[in-house]
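Asker: Structure provided below as C-alpha coordinates; questions to follow.
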(Lines of atoms letter the chains of each structure in order from A; the text may use other names.)
(Lines give C-alpha, C1' and ligand atoms only; values in the text may rest on other atoms or scores of the structure.)
Protein backbone atom coordinates (compact mmCIF):
# COMPACT_ATOMS: atom_id res chain seq x y z
CA UNK A 1 0.00 0.00 0.00
CA UNK A 2 2.79 2.40 0.89
CA UNK A 3 4.51 1.88 -2.45
CA UNK A 4 1.26 2.46 -4.29
CA UNK A 5 0.74 5.72 -2.42
CA UNK A 6 4.24 6.86 -3.32
CA UNK A 7 3.73 5.99 -6.97
CA UNK A 8 0.46 7.86 -7.08
CA UNK A 9 2.05 10.91 -5.47
CA UNK A 10 4.96 11.02 -7.91
CA UNK A 11 2.68 10.60 -10.90
CA UNK A 12 -0.01 12.96 -9.68
CA UNK A 13 -1.03 15.86 -11.97
CA UNK A 14 0.18 18.34 -9.37
CA UNK A 15 3.75 17.01 -9.53
CA UNK A 16 3.62 16.80 -13.32
CA UNK A 17 2.67 20.48 -13.48
CA UNK A 18 5.47 21.48 -11.13
CA UNK A 19 8.20 19.64 -13.01
CA UNK A 20 8.30 21.88 -16.08
CA UNK A 21 8.45 24.94 -13.85
CA UNK A 22 11.45 23.57 -12.00
CA UNK A 23 13.17 22.71 -15.26
CA UNK A 24 12.49 26.18 -16.68
CA UNK A 25 13.90 27.83 -13.59
CA UNK A 26 17.23 26.00 -14.00
CA UNK A 27 19.68 28.23 -15.86
CA UNK A 28 22.95 27.10 -17.38
CA UNK A 29 25.24 29.79 -15.96
CA UNK A 30 28.29 28.22 -17.59
CA UNK A 31 26.78 28.83 -21.02
CA UNK A 32 25.59 32.29 -19.99
CA UNK A 33 29.10 33.14 -18.81
CA UNK A 34 30.39 32.85 -22.38
CA UNK A 35 28.50 35.81 -23.83
CA UNK A 36 28.33 37.63 -20.48
CA UNK A 37 32.12 37.67 -20.24
CA UNK A 38 32.44 39.01 -23.79
CA UNK A 39 29.76 41.65 -23.27
CA UNK A 40 31.10 42.98 -19.97
CA UNK A 41 34.67 42.90 -21.24
CA UNK A 42 33.67 44.89 -24.31
CA UNK A 43 31.62 47.43 -22.35
CA UNK A 44 34.37 48.01 -19.80
CA UNK A 45 37.04 48.33 -22.46
CA UNK A 46 34.97 50.74 -24.52
CA UNK A 47 34.15 52.94 -21.56
CA UNK A 48 37.65 53.00 -20.10
CA UNK A 49 39.44 53.45 -23.43
CA UNK A 50 37.32 56.30 -24.79
CA UNK A 51 36.86 58.10 -21.46
CA UNK A 52 40.59 58.06 -20.68
CA UNK A 53 41.52 59.15 -24.21
CA UNK A 54 39.03 62.01 -24.10
CA UNK A 55 40.25 63.20 -20.71
CA UNK A 56 43.87 62.87 -21.79
CA UNK A 57 43.34 64.89 -24.94
CA UNK A 58 41.15 67.35 -23.06
CA UNK A 59 43.92 67.99 -20.54
CA UNK A 60 46.23 69.01 -23.41
CA UNK A 61 43.85 70.90 -25.66
CA UNK A 62 40.62 72.57 -24.61
CA UNK A 63 38.77 71.69 -27.79
CA UNK A 64 35.56 69.70 -27.71
CA UNK A 65 35.93 68.74 -31.38
CA UNK A 66 39.34 67.19 -30.72
CA UNK A 67 37.97 65.24 -27.75
CA UNK A 68 34.99 63.94 -29.71
CA UNK A 69 37.12 63.07 -32.73
CA UNK A 70 39.55 61.06 -30.64
CA UNK A 71 36.68 59.41 -28.78
CA UNK A 72 34.87 58.42 -31.98
CA UNK A 73 38.07 57.06 -33.51
CA UNK A 74 38.64 55.01 -30.39
CA UNK A 75 35.07 53.69 -30.56
CA UNK A 76 35.37 52.47 -34.16
CA UNK A 77 38.88 51.06 -33.85
CA UNK A 78 38.19 49.44 -30.51
CA UNK A 79 34.92 47.81 -31.59
CA UNK A 80 36.55 46.28 -34.67
CA UNK A 81 39.55 45.13 -32.66
CA UNK A 82 37.38 43.58 -29.94
CA UNK A 83 35.20 41.74 -32.45
CA UNK A 84 38.13 40.28 -34.40
CA UNK A 85 40.11 39.42 -31.28
CA UNK A 86 37.14 37.76 -29.60
CA UNK A 87 36.27 35.80 -32.75
CA UNK A 88 39.81 34.45 -33.17
CA UNK A 89 40.14 33.67 -29.46
CA UNK A 90 36.83 31.80 -29.21
CA UNK A 91 37.49 29.92 -32.47
CA UNK A 92 40.76 28.67 -31.03
CA UNK A 93 39.04 27.68 -27.80
CA UNK A 94 36.29 25.86 -29.71
CA UNK A 95 38.79 23.98 -31.89
CA UNK A 96 40.73 22.80 -28.83
CA UNK A 97 37.57 21.66 -27.01
CA UNK A 98 36.26 19.89 -30.13
CA UNK A 99 39.56 18.07 -30.66
CA UNK A 100 39.59 17.01 -27.01
CA UNK A 101 36.04 15.64 -27.31
CA UNK A 102 36.99 13.64 -30.42
CA UNK A 103 39.98 12.13 -28.63
CA UNK A 104 37.78 11.18 -25.69
CA UNK A 105 35.28 9.48 -28.01
CA UNK A 106 38.02 7.57 -29.85
CA UNK A 107 39.36 6.21 -26.57
CA UNK A 108 35.96 4.65 -25.79
CA UNK A 109 35.15 1.39 -27.55
CA UNK A 110 31.40 1.96 -27.46
CA UNK A 111 29.09 4.75 -26.43
CA UNK A 112 25.87 4.15 -24.57
CA UNK A 113 22.78 6.28 -25.07
CA UNK A 114 23.65 8.25 -21.95
CA UNK A 115 27.21 8.91 -23.20
CA UNK A 116 25.91 10.08 -26.57
CA UNK A 117 23.48 12.43 -24.86
CA UNK A 118 26.28 13.84 -22.72
CA UNK A 119 28.45 14.39 -25.79
CA UNK A 120 25.62 16.23 -27.55
CA UNK A 121 25.13 18.44 -24.51
CA UNK A 122 28.84 19.24 -24.47
CA UNK A 123 28.73 20.22 -28.13
CA UNK A 124 25.78 22.52 -27.48
CA UNK A 125 27.71 24.22 -24.69
CA UNK A 126 30.71 25.01 -26.88
CA UNK A 127 31.42 28.71 -27.21
CA UNK A 128 29.96 30.43 -30.29
CA UNK A 129 32.62 32.64 -31.97
CA UNK A 130 30.12 34.76 -33.90
CA UNK A 131 27.96 35.39 -30.84
CA UNK A 132 30.98 36.34 -28.75
CA UNK A 133 32.33 38.69 -31.44
CA UNK A 134 29.01 40.49 -31.95
CA UNK A 135 28.36 40.80 -28.22
CA UNK A 136 31.86 42.15 -27.62
CA UNK A 137 31.70 44.72 -30.46
CA UNK A 138 28.22 45.96 -29.52
CA UNK A 139 29.12 46.15 -25.85
CA UNK A 140 32.31 48.08 -26.64
CA UNK A 141 30.30 50.55 -28.73
CA UNK A 142 27.75 51.03 -25.94
CA UNK A 143 30.45 51.60 -23.34
CA UNK A 144 32.40 53.96 -25.60
CA UNK A 145 29.30 55.97 -26.50
CA UNK A 146 28.60 56.93 -22.87
CA UNK A 147 31.47 59.42 -22.38
CA UNK A 148 30.93 60.73 -25.92
CA UNK A 149 27.28 61.53 -25.24
CA UNK A 150 28.18 63.03 -21.87
CA UNK A 151 30.71 65.45 -23.41
CA UNK A 152 28.99 66.51 -26.61
CA UNK A 153 26.42 68.81 -25.01
CA UNK A 154 28.72 70.59 -22.50
CA UNK A 155 30.58 73.73 -23.58
CA UNK A 156 32.64 74.46 -20.46
CA UNK A 157 35.89 72.51 -20.63
CA UNK A 158 36.38 71.87 -16.90
CA UNK A 159 32.76 70.86 -16.38
CA UNK A 160 33.00 68.55 -19.39
CA UNK A 161 36.03 66.77 -17.94
CA UNK A 162 34.31 66.30 -14.57
CA UNK A 163 31.12 65.02 -16.19
CA UNK A 164 33.04 62.48 -18.28
CA UNK A 165 34.76 61.17 -15.14
CA UNK A 166 31.49 60.95 -13.20
CA UNK A 167 29.64 59.23 -16.04
CA UNK A 168 32.49 56.74 -16.43
CA UNK A 169 32.39 55.90 -12.71
CA UNK A 170 28.61 55.44 -12.68
CA UNK A 171 28.78 53.26 -15.79
CA UNK A 172 31.48 51.08 -14.22
CA UNK A 173 29.24 50.53 -11.19
CA UNK A 174 26.30 49.63 -13.46
CA UNK A 175 28.43 47.15 -15.41
CA UNK A 176 29.62 45.52 -12.20
CA UNK A 177 26.10 45.20 -10.80
CA UNK A 178 24.73 43.90 -14.10
CA UNK A 179 27.39 41.22 -14.37
CA UNK A 180 26.82 40.13 -10.77
CA UNK A 181 23.04 39.94 -11.15
CA UNK A 182 23.15 37.99 -14.41
CA UNK A 183 25.87 35.68 -13.14
CA UNK A 184 24.38 35.25 -9.64
CA UNK A 185 27.56 36.40 -7.88
CA UNK A 186 28.38 38.96 -5.19
CA UNK A 187 27.19 42.43 -6.26
CA UNK A 188 29.52 44.35 -3.94
CA UNK A 189 32.60 42.33 -4.86
CA UNK A 190 31.90 42.58 -8.57
CA UNK A 191 31.18 46.32 -8.48
CA UNK A 192 34.27 47.18 -6.44
CA UNK A 193 36.47 45.08 -8.71
CA UNK A 194 35.13 46.69 -11.87
CA UNK A 195 35.34 50.26 -10.53
CA UNK A 196 38.86 49.94 -9.13
CA UNK A 197 40.13 48.13 -12.23
CA UNK A 198 38.48 50.66 -14.52
CA UNK A 199 39.90 53.64 -12.68
CA UNK A 200 43.39 52.13 -12.64
CA UNK A 201 43.24 51.62 -16.41
CA UNK A 202 41.85 55.12 -16.99
CA UNK A 203 44.48 56.73 -14.78
CA UNK A 204 47.29 54.93 -16.60
CA UNK A 205 45.93 55.76 -20.05
CA UNK A 206 45.21 59.36 -19.05
CA UNK A 207 48.72 59.83 -17.68
CA UNK A 208 50.43 58.34 -20.73
CA UNK A 209 48.24 60.34 -23.13
CA UNK A 210 48.96 63.59 -21.32
CA UNK A 211 52.68 62.86 -21.05
CA UNK A 212 53.08 61.92 -24.72
CA UNK A 213 50.91 64.83 -25.86
CA UNK A 214 52.80 67.36 -23.77
CA UNK A 215 56.15 66.04 -24.99
CA UNK A 216 54.96 66.18 -28.60
CA UNK A 217 53.84 69.78 -28.24
CA UNK A 218 57.27 70.81 -26.95
CA UNK A 219 59.08 69.32 -29.95
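In case you wondered, yes, glycine gets a Cβ from its N, Cα and C as well.
These came from TrEMBL, pasted as-is:
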- 1-13: compositional bias 'Polar residues' (COMPBIAS)
- 1-26: region 'Disordered' (REGION)
- 14-26: compositional bias 'Basic and acidic residues' (COMPBIAS)
- 35-54: transmembrane segment (TRANSMEM)
- 66-84: transmembrane segment (TRANSMEM)
- 132-154: transmembrane segment (TRANSMEM)
- 161-182: transmembrane segment (TRANSMEM)
- 194-213: transmembrane segment (TRANSMEM)
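Would you situate these features in the structure and describe their surroundings?
Answerer: Distant neighbours of the transmembrane segment (35-54): 67-68, 70-71, 74-75, 78-79, 82, 86, 90, 128, 131-133, 135-148, 151, 164-165, 167-168, 171-172, 175, 178-179, 182-183, 194, 197-198, 201-206, 209; these residues of the same chain sit at least 6 beyond its ends, with a Cβ under 8 Å from one of its Cβ atoms.
Counting same-chain residues at least six beyond the ends of the transmembrane segment (132-154), those with a Cβ under 8 angstroms from any Cβ of the stretch are 34-35, 38-51, 54, 64, 67-68, 71-72, 74-75, 78-80, 82-87, 89-90, 160, 163-164, 167-168, 171, 175.
Tertiary neighbourhood of the transmembrane segment (161-182): same-chain residues 32, 36, 40, 43-44, 47-48, 51, 54-55, 58-59, 143, 146-147, 150-151, 154, 189-195, 198-199, 202, selected by CB-CB distance under 8 Å and a gap of 6+ residues from either end.
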